[in-house]
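The next block holds one structure in the form of structure tokens; read it before the comments.
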Amino acid sequence: MENWGLVTYRETALLIDPKNSCSSSRQWVALVVGHELAHQWFGNLVTMEWWTHLWLNEGFASWIEYLCVDHCFPEYDIWTQFVSADYTRAQELDALDNSHPIEVSVGHPSEVDEIFDAISYSKGASVIRMLHDYIGDKDFKKGMNMYLTKFQQKNAATEDLWESLENASGKPIAAVMNTWTKQMGFPLIYVEAEQVEDDRLLRLSQKKFCAGGSYVGEDCPQWMVPITISTSEDPNQAKLKILMDKPEMNVVLKNVKPDQWVKLNLGTVGFYRTQYSSAMLESLLPGIRDLSLPPVDRLGLQNDLFSLARAGIISTVEVLKVMEAFVNEPNYTVWSDLSCNLGILSTLLSHTDFYEEIQEFVKDVFSPIGERLGWDPKPGEGHLDALLRGLVLGKLGKAGHKATLEEARRRFKDHVEGKQILSADLRSPVYLTVLKHGDGTTLDIMLKLHKQADMQEEKNRIERVLGATLLPDLIQKVLTFALSEEVRPQDTVSVIGGVAGGSKHGRKAAWKFIKDNWEELYNRYQGGFLISRLIKLSVEGFAVDKMAGEVKAFFESHPAPSAERTIQQCCENILLNAAWLKRDAESIHQYLLQRKASPPTV
């Protein structure tokens with residue numbers, strides 16, 4: 001909490017043990033400290049006029065935390081991680097019909113809790129990042145200085161910020177930004193290209209991107225979109241910057257040879273998704289394989305395609321083919337995003353009888369990088385290598401990759417017997433792997449390790465993986481443990497969430513557990529964001545239409561006012577999952593079978 005003169009933290013957001021803290025915890029602490037200190041200016045020195053402008057506090061602090069960490073720890077490549085952690089997360093939520101604009105008029109106090117979500121924080125931060133890029137660093141700083149000086153010790157509204165930035169930059173900031181803060185959602189830019197002698201003609205059109213595929217409504221909203229365009233001649237530089245202020249535009253890129261690719265949204269900074277014509281997409285794919293596309297652009301391309309498939313605009317099989325092009329990928333954040341999307345797909349396919357086939361696919365995609373990395377740090381490795389190793393081994397272990405599983409069991413045994421203590425960065429993947437493929441004895445050992453741990457970080461690490469266990473009676477044991485004295489109340493949510501995300505059976509058991517213990521859970525968490533998080537984590541993996549009805553009915557008879565919007569979003573997501581499954585399950589299955597019959601040559 002960012003009080004002026006006394007910032008308070010929970011232990012895991014502040015304390016680092018040089019020996020026993022893993023790289024992701026160090027990074028988390030750096031980001032949280034940066035975020036809370038940013039509030040000394042955005043929130044304390046200048047305070048928002050009313051809750052409607054909450055995003056000025058949270059969006060700014062969420063943007064500045066990355067600015068701070070990038071300044072202090074350039075080796076973290078934190079801005080690339082921003083795209084995976086905040087930008088894509090915000091787009092996922094903002095594509096739903098039950099999203100909300102960044103600026104929400106707030107009447108009742110219970111509505112305040114509802115807007116402490118990924119829209120205020122992550123979308124807020126993402127549009128500020130886009131604005132900073134559009135204005136340029138020098139004018140942005142000048143405008144911010146004017147704003148903070150003028151409103152210090154006072155209250156301000158969003159309009160006041162736009163005015164300062166407009167004065168500093170001479171650009172139509174209010175007109176542009178109102179399209180991003182006052183209406184919900186964001187655009188999908190469709191682009192096709194044509195070679196005209198030495199130039200490339202691009203045809204752009206924008207329409208609202210919807211998780212359900214197409215916009216149904218009277219007037220489709222429009223945005224003023226700052227667009228950057230790069231080519232293979234210089235992938236790191238914008239060849240052209242334009243402001244797209246109408247539904248359709250034609251753009252001419254001078255001197256672009258027929259064999260050069262063209263890409264929109266350099267650095268994945270603009271808050272929109274891009275859909276390329278098949279010819280344009282085809283020409284971009286080699287840039288993934290040979291790494292000539294910058295990492296954040298490789299990530300953005302893959303994430304856009306995944307979302308288009310999820311929305312039913314393209315086929316999921318197309319995305320699986322693109323994912324296979326990432327065999328040479330060295331970048332942690334790109335892998336993290338791929339892993340996240342494959343996780344979503346695995347959860348979806350856990351509702352089918354070919355779940356094992358998608359696990360084979362995961363093993364095929366992740367084993368080359370797993371072999372290159374090995375289990376132990378090599379000389380000269382840094383923060384990102386440690387994060388990548390943990391991610392890849394966890395993914396392979398969870399999917400049941402034989403060599404990874406054997407090595408994890410061996411190292412776990414040495415760790416428990418005190419022969420060779422696991423490094424902090426390997427603990428999560430090893431714990432997860434042995435639990436998922438273990439028995440009651442493994443779970444008992446983990447609970448014992450939890451009891452013995454004197455560091456809150458280690459306790460949380462164990463709590464988050466307990467749900468990986470697959471046997472029904474052990475799942476019950478973990479759920480009972482979640483509400484016991486052993487677990488801090490604020491951490492119960494991640495134990496239950498871990499069970500729900502761990503397996504198909506876990507999902508059903510966690511939902512039943514929540515219904516059976518609703519009174520206790522609600523009394524514990526009402527009026528805070530933990531109740532929303534609990535609901536989201538436990539039901540978002542379902543993919544059957546009737547489950548959406550069941551969730552809706554349960555909360556109609558057990559109201560949770562501060563989580564109303566979350567419940568609507570969850571029900572919408574369940575219906576979207578069900579539609580995705582109906583649409584694509586068969587073609588995915590055929591593709592995986594055919595792949596097995598003739599494995600791809602790398």
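Any Cβ shown, glycine's included, is placed from N, Cα and C.
Now, the feature entries from TrEMBL:
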ACT_SITE  E36  active site, proton acceptor
BINDING   H35, H39, E58  Zn(2+) binding site
DOMAIN    1-180  domain 'Peptidase M1 membrane alanine aminopeptidase'
DOMAIN    261-574  domain 'ERAP1-like C-terminal'
SITE      Y121  site 'Transition state stabilizer'
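Overlay of TrEMBL annotations on the structure.
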{"residue": "H35", "record": "Zn(2+) binding site", "Cβ neighbours (10 Å)": "24"}
{"residue": "E36", "record": "active site, proton acceptor", "Cβ neighbours (10 Å)": "20"}
{"residue": "H39", "record": "Zn(2+) binding site", "Cβ neighbours (10 Å)": "21"}
{"residue": "E58", "record": "Zn(2+) binding site", "Cβ neighbours (10 Å)": "25"}
{"residue": "Y121", "record": "site 'Transition state stabilizer'", "Cβ neighbours (10 Å)": "23"}
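Within 8 Å of the Cβ centroid of the Zn(2+) site, not counting the listed residues H35, H39, E58, the chain contributes E2, E36, A38, F42, G43, N57, F60, A61, S62, I64, E65, Y121.
The recorded positions listed here (H35, E36, H39) include no residue with a Cα within 10 A of the Cα of Y121 (site 'Transition state stabilizer'). On the backbone, the CA of E58 (Zn(2+) binding site) and the CA of E36 (active site, proton acceptor) stand 10 Å apart. The average pLDDT computed for the domain 'ERAP1-like C-terminal' (261-574) is 96.
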